[in-house]
Amino acid sequence: MNELLLNLVDPLHQWFLGLGDGGVVLWSVLKILLIAVPVIVSVAFYVVWERKLIGWMHVRHGPMYVGMGIFQAFADVFKLLFKEILQPSSSHKAMFIIAPLLTLAPAFAAWSVVPFDAKLVLSNANVGLLYLLAMTSLGVYGIILAGWASNSKYAFLGAMRSAAQVVSYEIAMGFALVGVMIASGSVNLSQIVFAQAGNSGFFDWFLIPLFPLFIVYWVSGVAETNRAPFDVVEGESEIVAGHMVEYSGGAFALFFLAEYANMILVSFLISIFFFGGWLSPIQGWVNADISPWIDWLWKGGWPWLLMKVFFFASAYIWFRASFPRYRYDQIMRLGWKVFIPLTIVWIAVTALMVFYGVIQKGV
């Protein structure tokens, strides 16, 4: 299946290169659109799936009218885009508009180094992991700026909570990825996936030797995206909507889009770092060439990556419907007193496992 897709892309690539420098620029723009447009569409369907799944968990139907509810998210988008963006009279006008853009830009920029397959990646950067850490850290500046520019007590309190929470869990996430870097011997995301390849299927994935780091990264990813049960940044019962309390229309839609794009991104990264990315869980167990349409089941391919992402994206919704919101002090305690010490210890354990050959770096 991967070969079929590449056979369609390569002739198009060569045609653009034949146009000279302008063709190179157009090809770069096209690649950006090939990432941005699917992410935006995925967010729309993700919102529908969230409403549907939570409805089932609440013993309700969820969205069910007008195309089984599929078009509800698109209707919400058009509704928000055509609404007026109201600004408080005492707000900082320029910063008020810049803040949602500053939140959205890193959420989309991070996708440039995410590999969907061995050859399907926008930029196969050798410092992809470091680039991701940098991009995912920048989004909080938009939230802080929104809280300050709104000139609202609720917005400012939400922004301060977000700053403390993101900084706290960014450390734990970074330490967890240090373990992945040690196990794979690379900071290139494609090489991290190749390091999990082998003839033992899912037993070669980093999930097993790095299981504590997987749990830390998963929970920290939920906290990093300000989702339940770590959504004190926009806790409705306390500070209404936090940093977004004064936003409406298209500006609010940008915050919403950035949040859900980050949720999908974290789901991709968990799948790549700990679940073998596009690798098949039965890779090496079956050796047969039948048809490109089904060979990916045991050879691996982007459909496996999407299935893993779907599971973790659905887990976000499960968390929201199942767990009560943590208190702010409980969130800080979990990050600083549990996750950070645990990751430091397991980094040392990972180094020992690599030194003694317990973790093999691919085939």
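The chain as shown is numbered from 1 upward.
Note: Cβ is positioned from N, Cα and C throughout, glycine not excepted.
As given in Swiss-Prot:
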type	residues	note
TRANSMEM	29-49	transmembrane segment
TRANSMEM	62-82	transmembrane segment
TRANSMEM	96-116	transmembrane segment
TRANSMEM	127-147	transmembrane segment
TRANSMEM	163-183	transmembrane segment
TRANSMEM	202-222	transmembrane segment
TRANSMEM	238-257	transmembrane segment
TRANSMEM	278-298	transmembrane segment
TRANSMEM	299-319	transmembrane segment
TRANSMEM	339-359	transmembrane segment
Should anything in the same chain at least six residues away from the transmembrane segment (299-319) have a Cβ under 8 Å from its Cβ atoms, list it; otherwise answer none.
1-2, 46, 49-50, 53-54, 57, 116-117, 120, 218, 222, 225, 227-229, 263-264, 266-268, 270-272, 275-281, 283
Under 8 Å for C-beta pairs, could you tell me which stretch among 29-49, 62-82, 96-116, 202-222, 238-257 has the largest tally with the transmembrane segment (127-147)?
96-116
